[in-house]
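This report refers to the structure that appears directly beneath it.
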Amino acid sequence: MIEINKDNKNKNKIKNIKIAYYIIGILVIIAIPLIFKPYFLSKPESNIKDVDYVTFIKHLNKKEAEEVQVKDREINFTLKGEKNVVYKTYRMEDGFLAQRLIDSGVKTDRIFPSQLNPIASNIIYMISMILMFIIIGQILSRTVFKKFGEGGVGPMSFGKSNAKIYVKSTDGITFKNVAGQDEAKDQLTEIVNFLHSPEKYTDIGAKLPKGALLVGPPGTGKTLLAQAVAGEANVPFFSISGSEFVEMFVGLGAAKVRDLFKQAQEKAPCIVFIDEIDTIGKKRDGSGFSGNDEREQTLNQLLSEMDGFDSKLGVVILAATNRPDSLDPALLRPGRFDRRIPVELPDLAGREAILKVHAKKIRREATIDYKAIALATAGASGADLANMINEAALRAVREGRNAMNQRDIEESVEVVLAGYERKNAVISPIEKEIIAYHEVGHALVAARQTNSAPVHKITIVPRTSGALGYTMQVDEEEKFLMSKDEAFNKIVTLTGGRSAEELIFGTKTSGASNDIEQATKIAKAMITRYGMSDDFGFVAMAEVNNRYLGSDANLTVSDKTAHEIDIAVRNLIEKAHEKAINILKENNEALHEIANYLLTRETITGEEFMEILRKYD
């Protein structure tokens, strides 16, 4: 009975929308004639002259009339020699009128332009406006209403779900297409097994999890995992974005939720995947009033549907988000989303596996070292790695080769990270020299420190990202922790470029802006989040709102403490800056030789760099 009442309420809302539409239309139709009557209904009458009946008879007797039209109440006539002038007189009882017309020899067979009665004219105008309004309404119902989420054609299709349905996983995606997410696949395999053999679980009294929430950064394969689950289970797959539930009219989102679950139950067993569920699943505020009533109604309906359907039917709800902290607690409780499955950025082995999966589709050389590429792409998502492989294939085609090689992938890594080379960029010799010393300053400071990643490449070729050059460092192995010394050494390396500029040219340029930002970020994290400061100790003074989207940390301290933190950050960076200058002074000759070598070559490898540097050991 409750469900029927809800459906009736929704139908009433749709009916009210239609009634309001037609009421507004009728008011517009009534108002337009009243407002614009002087312009539309009045016609210029400067060419029609009123005369009395006697004057008309005189013109007939003198045979001056050329044409005469006799109506029930009036007579219209024209005179010879007068063009575009019509005379009008009212008809009187005259039994000799017909004979007078014959005697005068006027033409009486021409029909003059008739003028409608004002009332009839208004009626015709109103009918035409109503017809025009109905036609416009039909056009709106097929275009605008459809755009605002009716899911069908015409106003009667409001509230229909527009979820994409993939029956029996026709795209063929399975767990074999997903690499680097072994833990997530293990947790989802149980859902697949339940859909395949539910009796194994129901015999012991176990219930199928109603929902699983896939949580992780963008590009890690959450949607791909959901499609793989449907492919492995060989069941229909419903896919819809959370934003598609939010509509202009209140109540339509909730109707879409009802329709989606109705379709899912009809095609059970099946998978329902809601991408970006944070769009409709945001926390409701404590006052009980939401800033978007439509969003809250949609969320309430989703919660109700997840409680209402029978888990024995085999309908599994999968949802994905990269903002789990913003979700409503009612959505996350057991019985709705029973499982929270992290889909994190892949580790070294995961990146290597992902590269191999995507490279299978590409014609390639057999000598490609995927592990070396994986080491150089720490922090890359699955989508990033797929893009790198595609860029490598495009590069091979551009260079006229029919197979992708190691160099193509290495270059594609740089394309994704720093953009394409700006081969036509014109840089003055002095600026080019400053850039060379800047980049060698980074590399030399890094090489002369312990706990620092080896230099892989140095280049002064500008990139489309805005970088005029860069130094690439690649760790020899995957690292999950960073010590205080390693963090400080990173800051020292970042200050190496500016230090070289000051030491050699006695100047400071804007080229170090990104280095300063990164150094400040690391120094602030050391003090406020990692507890690596002797002054503040083991205290957390900042919190990150959303680690998956790379949000900056917000300080949770008083103004006085914040000021002290600023001083500590500045002192830490100054200390690193001094260390970098001292390293460069001690290696001044090596700095000059490597910088000059870089100026002639523009790009050098880490091996070439170390070969020159070892001469000064």
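For all residues, glycine too, the Cβ spot is worked out from N, Cα and C.
What TrEMBL says about this one:
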ACT_SITE  Glu439  active site
BINDING   Gly216, Pro217, Pro218, Gly219, Thr220, Gly221, Lys222, Thr223  ATP binding site
BINDING   His438, His442, Asp515  Zn(2+) binding site
DOMAIN    208-347  domain 'AAA+ ATPase'
TRANSMEM  20-40  transmembrane segment
TRANSMEM  119-140  transmembrane segment
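Feature annotations (TrEMBL) mapped to structure.
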residue : record              : contacts (Cβ under 8 Å, 6+ apart)
Gly219  : ATP binding site    : Ser381, Gly382, Ala383, Asp384
Thr220  : ATP binding site    : Gln181, Val343, Glu344, Leu345, Pro346, Ser381, Gly382, Ala383
Lys222  : ATP binding site    : Leu214, Gly216, Asp275, Ala320, Val343
Thr223  : ATP binding site    : Ser239, Phe273, Asp275, Ala320
His438  : Zn(2+) binding site : Gly469, Gly497, Arg498, Ala500, Glu501, Thr509, Gly511, Ala512
Glu439  : active site         : Ile458, Thr459, Ile460, Gly469, Tyr470, Thr471, Gly497, Leu598
His442  : Zn(2+) binding site : Thr471, Thr493, Leu494, Gly496, Gly497, Asp515
Across the binding-site residues (Gly216, Pro217, Pro218, Gly221), the Cβ with the fewest other Cβ atoms inside 10 Å is that of Pro218
Thr220 (ATP binding site) -> DSSP, reduced to three states, gives coil
Residues sitting within 8 A of the centre of the Gly216, Pro217, Pro218, Gly219, Thr220, Gly221, Lys222, Thr223 CB atoms (ATP site), not counting those, run Leu214, Ala320, Asn322, Val343, Ser381, Gly382, Ala383
Suppose the Zn(2+) site is His438, His442, Asp515. Which further residues of the same chain have a Cβ inside 8 angstroms of that site's Cβ centroid?
Glu439, Gly441, Thr471, Leu494, Thr495, Gly496, Gly497, Arg498, Ala500, Gly511, Ala512
In three-state terms from DSSP, label Glu439 (active site) for me.
helix
Through the lens of DSSP with three states only, how would you label Asp515 (Zn(2+) binding site)?
helix
Is it possible to get the count of other C-beta atoms within 10 angstroms of the C-beta of Asp515 (Zn(2+) binding site)?
18
